[in-house]
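Shown next, in structure tokens, is the structure this report addresses.
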Amino acid sequence: MKKTIVGSGYLVLSLLGTCLNLSTLSVLPECEKSLTRPLLIFFSIQLFIGIGTLLSVAVPVPYMIATNRAYFVNPILIGAPGLLICLTLLASYLIQFCICIYRNIRVVFNKTSEGIFADIIVQILIALAFLVAVCISANIIHWTNVRRFSLHKLAWDQADYESNVLLNVVGWTSMVGAMFYALSISDLLYEHIYDEEKHESTETTPKTRLLYQILHLVCDIIFCILIVLPRIEHVSMHPNLAIIHSFLTIFGPAVWPTISVIAYSERVRNVSYKISRFCPNFL
């Protein structure tokens, strides 16, 4: 019974997450003014990466559970789903890091950020994110096995080496991100204390911008936690926690771009609200 629920859960949540990301992608072109072009490009790529993460478990996991085999289709492909998960999560995280840097630079150097983050620079950053993700994933499979789905635990087994590598990547980039956040928040605090200008709307006041920046910081911390969520040590004692852990570390980062875009853009929020009202009537 539990196997059926877990297998169905992976299939349903993967398809639901894919549809959610695709619906967000469909309205992104209309949100360029509220998102800015660099964010639009970053989020578009991140949404496609999230779909890649979801598709890497949508069929393989239900297939392995249904056939009671620890591999997908062929024993040679035993590590393929885990490798795709590792690669897409790393790429998504590195693009999130680029988004973090862009947001903070835009707060402090609003006009300069437009020149720094021109289309060609954004494309180079995305290419570098993929290249670094590929190199790290290749390094992991060189030294150990990537995460594999355990039919006994109904969860993903992650080697210590892979866990440590992800922790190091998140740790080092988080320190850089924290410095940029400190710079932007300090700048906004200074503006809030000494601001004497009259603003056309409350959205442009330093206080509102400061609150948004703190919200972005909290969201980035949550995203980091989802990538390096501590593993369940005694799985036999807490089997359900291990299953929940696997779901969170895969589906959380995969749909995170949609959550971010909803938080950023009023246009996307309105579309999401209409969809949420339509779904109960449809069901």
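Cβ from N, Cα, C; glycine included.
Whatever TrEMBL says is automated annotation, not expert-curated.
Marked as transmembrane segment by TrEMBL: 6-28 (among others). The list of residues near the transmembrane segment (6-28) in space but at least 6 beyond its ends in sequence, with Cβ under 8 angstroms from a Cβ of it, reads 35, 40, 43-44, 47-48, 50-51, 54-55, 57-59, 61-62, 65-66, 154, 243, 247, 251, 254-255, 257-258, 261-262, 267-268, 271, 275.
Residues or ranges marked as transmembrane segment in TrEMBL: 40-65 (among others).
Residues annotated as transmembrane segment in TrEMBL: 71-95 (among others). Away from its own ends, the transmembrane segment (71-95) comes close to residues 42, 45-46, 49-50, 52-53, 56-57, 59-61, 63-64, 125-126, 128-130, 132-134, 136-137, 140-141, 145-149, 156, 162, 166, 169-170, 173, 223-224, 227, 249-250, 253-254, 256-257 of its chain (Cβ-Cβ under 8 Å, at least six residues beyond either end).
With a cut-off of 8 Å between Cβ atoms, the residues of this chain six or more beyond the transmembrane segment (116-141) that come close are 37-38, 41-42, 45, 79, 83, 86-88, 90-91, 94-95, 97-98, 102, 105, 109, 159, 161-162, 165, 169. Residues or ranges marked as transmembrane segment by TrEMBL: 116-141 (among others).
Distant neighbours of the transmembrane segment (169-190): 90, 93-94, 97, 100-101, 103-105, 107-108, 136, 206, 209-210, 213-214, 217, 220, 224, 227-228; these residues of the same chain sit at least 6 beyond its ends, with a Cβ under 8 Å from one of its Cβ atoms. The transmembrane segment feature in TrEMBL is assigned to 169-190 (among others).
Sequence annotations record features per position, and here TrEMBL assigns transmembrane segment to 210-229 (among others).
Annotation source TrEMBL lists transmembrane segment at 241-264 (among others).
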